[in-house]
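K.L.:
OK, TrEMBL features for this one:
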type     : residues : note
DOMAIN   : 260-402  : domain 'GGDEF'
TRANSMEM : 7-26     : transmembrane segment
TRANSMEM : 38-57    : transmembrane segment
TRANSMEM : 62-83    : transmembrane segment
TRANSMEM : 95-111   : transmembrane segment
TRANSMEM : 123-142  : transmembrane segment
TRANSMEM : 162-181  : transmembrane segment
TRANSMEM : 193-210  : transmembrane segment
TRANSMEM : 216-239  : transmembrane segment
């Protein structure tokens with residue numbers, strides 16, 4: 001059940017934002033006039049706040065995406081009219097802007113965090129400034145000029161046949177599909193947010209009578225970017241990057257919250273040093289990630305943490321040792337039955353000979369202790385579990401000791 005909820009949570013979150021935004025859209029008329037007048041400013045402020053947070057936490061991806069969406073939002077509500085002599089957009093101009101925004105969101109979602117004012121950041125600024133200049137030019141010229149240019153200068157039969165509007169929608173849907181696949185693989189809240197943002201942009205393209213409630217959709221986009229910065233910063237502090245489970249810092253804070261009955265288990269991957277020495281640190285990292293993925297599914301209400309190196313900790317709040325021992329034994333068996341498939345890397349293969357994969361057996365040793373009259377604090381219980389882990393190793397490993 002926990003696994004199913006973990007898989008469904010990202011979907012529920014995204015559709016939750018979409019649903020709340022749509023409900024606000026269809027009920028926009030019940031808002032007092034003064035509130036409706038400040039809505040455009042709220043959307044702009046949310047993007048500015050996302051930009052500032054991106055600078056503060058050095059999140060270049062959020063910074064540039066917020067910048068792109070703020071610029072696109074300006075073109076939607078015609079804020080730049082007092083700066084540039086830009087006429088209201090027609091469908092052709094809107095389609096071109098939509099294509100640019102979708103391509104940029106897709107491109108920047110794949111960019112790595114390389115800084116805002118670094119060389120990479122300056123190149124991104126240059127790219128956006130160039131696009132901004134071209135977009136301004138496209139808005140200043142009329143729809144007839146765009147049609148003529150597309151027909152006479154760009155020799156793309158497909159574009160001429162389907163039209164620039166259809167092409168923009170097709171590109172939008174393709175980008176959503178690509179980013180959904182990426183979000184599933186990375187489990188990143190930022191990637192999920194970009195997917196939701198593209199869905200919101202799709203809604204603003206298709207929905208009728210959107211002009212009044214348009215700021216609501218863009219306020220949601222800005223909010224998603226702000227939450228993405230907070231989520232990313234939280235993960236850096238409390239989630240182990242390699243194993244994607246809570247880190248030791250998260251463990252220490254969890255221990256401070258414990259009260260009443262609880263049980264703590266210490267786990268260690270057997271002969272882990274041999275994996276690193278014989279097969280390399282990349283294989284060692286893969287083994288750690290594999291074990292952590294299984295630990296995530298521990299039942300009996302346990303929560304797994306990476307303690308350090310090849311050691312892990314599982315905290316069972318409100319549980320006695322007797323009630324969690326079957327779960328720990330099951331966990332040990334599950335890991336011992338799931339081998340790591342190692343594919344040899346050889347620079348020179350003999351002709352006619354294959355390089356088969358090798359199944360590496362992975363086992364863990366577990367020490368477990370509970371709060372009782374002898375061990376009254378979380379630190380004492382953890383130390384007792386650590387001593388029990390040492391006894392498990394002395395017994396021959398791949399076992400549970402209490």
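One is the number of the first residue shown, and numbering goes on along the chain from there.
Including glycine, each Cβ sits where the backbone N, Cα and C put it.
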K.L.:
Where among 38-57, 162-181, 193-210, 216-239 do we find the most Cβ pairs under 8 Å to the transmembrane segment (95-111)?
P.N.:
162-181
K.L.:
If we skip the immediate neighbours and take only residues 6+ beyond the ends of the transmembrane segment (38-57), which ones have a Cβ under 8 Å from one of its Cβ atoms?
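P.N.:
Residues 31, 63-64, 66-67, 69-70, 73, 77, 79, 116, 215-216, 218-219, 221-223, 225-226, 229-230, 232-233.
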K.L.:
Let me know the model's mean pLDDT on the domain 'GGDEF' (260-402).
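P.N.:
Averaged over the domain 'GGDEF' (260-402), per-residue pLDDT gives 87.
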